[in-house]
Amino acid sequence: VCFKNKLKVALIGQSLFGQEVYSHLCKEGHRVVGVFTVPDKDGKADPLALAAEKNGTPVFKFPRWRVKGKTIKEVAEAYRSVGAELNVLPFCTQFIPMDVIDGPKHGSIIYHPSILPRHRGASAINWTLIMGDKKAGFSVFWADDGLDTGPILLQRSCDVEPNDTVDALYNRFLFPEGIKAMVEAVQLIADGKAPRVPQSEEGATYEGIQRKENAEISWDQSAEALHNWIRGHDKVPGAWAEINGQVVTFYGSSLLNSSIPPGEPLEIKGAEKPGLVTKNGLVLFGNDGKALMVRNLQFEDGKMIPASQYFSSGEMSVVELTAEEVKVAETIKVIWAGILSNVPAIEDSTDFFKSGASSMDVARLVEEIRQKCGGLQLQNEDVYMATKFEDFIQKVVRKLRGEDQEAELVVDYVSKEINDMTVKMPYQCFINGQFTDAEDGKTYDTINPTDGSTICKVSYASLVDVDKAVAAAKDAFENGEWGRMNARDRGRLMYRLADLMEEKQEELATIEALDSGAVYTLALKTHIGMSVQTFRYFAGWCDKIQGSTIPINQARPNRNLTFTKKEPLGVCAIIIPWNYPLMMLAWKSAACLAAGNTLVLKPAQVTPLTALKFAELSVKAGFPKGVINIIPGSGGVAGQRLSEHPDIRKLGFTGSTLIGKQIMKSCAVSNLKKVSLELGGKSPLIIFSDCELDKAVRTGMGAVFFNKGENCIAAGRLFVEESIHDEFVTRVVEEIKKMKIGDPLDRSTDHGPQNHKAHLEKLLQYCEAGVKEGATLVYGGRKVQRPGFFMEPTVFTDVEDHMYLAKEESFGPIMVISKFQNGDIDGVLQRANNTEYGLASGVFTRDINKAMYVSEKLEAGTVFINTYNKTDVAAPFGGFKQSGFGKDL
């Protein structure tokens, strides 16, 4: 290691934080010449001492540094013997004398977990939350003889999330970023670039250490102030109140933004209004009429319970262990013994915390059990809720048996009796495994295009809801069960979800018909049928995503192995259109989930209902919370935030080219997230005179009128060879007259309503533009005279290349026909390719050579030969040019 611009450092402090700072300083080439830490407790060395001793660094464990105000001589001599140029105090609970602080050439630097001068003193993180600060952070400062008053070397800050706890803030930001900052600060000093910015006394605060006796809750405050007080004391020392003559400590507070759930009243001393024990937790009320919810309660004897179980009678029954469970219990006993090394033997009555364990030991216990018990994943709260060994083993066994699952999903449905069934539709945002109202309570109407009536009010996601959904997806990916799951188990969940979608296919198809106007029979086969197929197909891919080994030149005399490993990206955002609401969801999310990502999906504002029903089915299939999040709302608010969000790693979008460009720009500027875009199309269909005309008429109509023309690959322009042009047009019009326009739930209906009113109006304007430019309106072009958003199937001929109809996509039931000269293959190809789009295309001919030549020359992602609209989950789908890039399926 090169020691140029590296320092000899004395590390004074303790804890896992101190250990990490020590390790990182060593890695950066600084020489830690001595570690001064606290004495062993109950025979256990501090983590910093363990790491330093293992590395051969001199370690000193002084119980104190001074007596009666004077530095202890032996301590001072030991400190001077290491010859440090800088003291680094990452986390220190001892009082260090000023002659030691000022002793080295560069003095001393200290880490403090607040944005100084705010929250000087102890319990700074607690006070950040208690005072309702919107920003948290830390300072690295030069030590002086005041209390946290020295000049600032560097500071870092982060936003405080609405439901952050001390642990959450520390683990997310203060711990990892603090370690980096301490190392950065040492290097700045080594390079002679470290600033000394005097602290201002303006805005300075000092708060003392928070102890149990002064953590009692004062109830005459707003719900937000109560929430801040409770979370500011979570986990230590714990905010408390008196209930039925007993001190009860509150943990896991969150603000309640949805309606108050039903529950049983609970009198709390000093509270004007009783609490409410609900199946989700204990609801508490502020003096402003707003509410918060507490998840866990702890009694004076140390026992912790879910707040929802406060009134549950009696103790939980003891389960008898199987032989396999006995082995697990024995392994856990060995782990307990390793942590509680001061306890002679682990008995059933041994209490984890009363035997000397700390919160750091909780993390160790959870991780060791995961490592040594087949990946069994416990939460820290499982330890707090079962502190005695006997109770802890019972909790573990219940978890192994799946008896310790979360409460059943609560869904507030809108129900309708329709299509000979009861249709039950969720209408709220789906975030972190729960249906919840939008943060600000806003809703909007979703409309039935068949008659223009309101189906129901749907939550209108705000920026806060988007951020919550992304945070849930990020946590599920980084810390949840999903990220640790075997690929094959992931596939099993996807197969189960496909089965549930198939089981509910009639209900899903009915919702799709109601919300999007899709003809029920088509919805059953395509919208829902292909969604089921997509999930089944990608479920099979989960355990078949493989890397490869690569032969490289060896760096002799060594031999090297090089291999690629395909890993999930992380949180993906998906923004889908309104034409195939569930199918577009399936096309994008199935692949996303198969690869192991988590997702936040925004359905089209006008068609949110099948996506929310899908969310409900995902919970029933067993998907862990946070893996799938659905946020209905507008593209301008929710969609834009997704494209800008720094925690999203990829965004998949299907929609217009204009919006696709805006999304791509936002993705680039924010964090250079990957994008896949399936955008506009003006797909040409070339019909040669040597085609099978009956099939060309039938398939050509399907190419235009399928799904009411609301089809991204719809044939936007038909080129028909001159010799068959007139007959083709005549036969198309004859067939259109036979089409039944009507209620999409009627099994005999061929053609349903357009998706929404604004789209119908746009289509009518499109037709007006065609007539004005001189195209011939052969049939249709009008709204059907009945309630709802129905449009007549329409045919235009004599469409010239310069016309609006020839260039722009209608996205509706409008057939645009242009004639081309007999035998002019290259001429019609040039016209067909004269577009900025390139999504799909088609050719009808019986001449295989002509078919292959034309398909090679057409500039489109898909070329259909003597067929159209044929998609399959095994075939890639996507476009060229301004139709986007990246493939679905």
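Glycine is no exception: its Cβ is also placed from the backbone N, Cα and C atoms.
Whatever TrEMBL says is automated annotation, not expert-curated.
Keep in mind that this is a model prediction, so the values were computed, not measured.
Sequence-distant neighbours of HIS112 (active site, proton donor): residues of the same chain at least 6 apart with a C-beta under 8 Å from its C-beta are ARG120, ALA124, PHE138, SER139, VAL140, PHE141, ASP148. The active site, proton donor annotation in TrEMBL covers HIS112 (among others).
Under the heading active site, proton acceptor, TrEMBL lists GLU678. Summarising the environment of GLU678 (active site, proton acceptor), the number of other Cβ atoms within 10 Å of its Cβ, over all protein chains shown, is 28.
Per TrEMBL, the feature active site maps to GLU678.
There are 24 other Cβ atoms within 10 Å of the Cβ belonging to CYS712 (active site, proton donor). Annotation source TrEMBL lists active site, proton donor at CYS712 (among others).
Packing around PHE95 ((6R)-10-formyltetrahydrofolate binding site) is summarised by its Cβ count: 8 other Cβ atoms lie within 10 angstroms of its Cβ, all protein chains included. The annotation (6R)-10-formyltetrahydrofolate binding site is assigned in TrEMBL to GLN94, PHE95, ILE96, ASP148.
The NADP(+) binding site annotation in TrEMBL covers 576-578, 602-605, 635-640, 655-656, LYS762, 809-811. When Cβ atoms from all protein chains are considered, those within 10 Å of ILE576 (NADP(+) binding site) total 26, not counting its own.
The domain 'Carrier' annotation in TrEMBL covers 323-400.
Feature annotation from TrEMBL assigns site 'Essential for catalytic activity' to ASP148.
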Span of the (6R)-10-formyltetrahydrofolate site, taken as the largest CA to CA distance across GLN94, PHE95, ILE96, ASP148 (Å, rounded to a whole number): 14
GLN94, PHE95, ILE96 filtered to the binding-site residues whose C-alpha is within 10 Å of PHE811 (NADP(+) binding site): none
PHE95 ((6R)-10-formyltetrahydrofolate binding site) versus GLU678 (active site, proton acceptor) - Cα distance in angstrom: 63
Candidates GLN605, GLN640: member of the binding-site residues with the richest Cβ shell (10 Å): GLN605
Cα proximity to PHE95 ((6R)-10-formyltetrahydrofolate binding site), best match among recorded positions ILE576, LYS602, CYS712: LYS602
Residues of the domain 'Carrier' (323-400) by DSSP state, where helix covers H, G and I: 49 helix, 2 strand, 27 coil
Listed recorded positions among VAL637, GLN640, CYS712, LYS762 whose Cα sits within 10 Å of ILE96 ((6R)-10-formyltetrahydrofolate binding site): none
Local Cβ density at ILE96 ((6R)-10-formyltetrahydrofolate binding site) - other Cβ atoms counted within 10 Å: 20
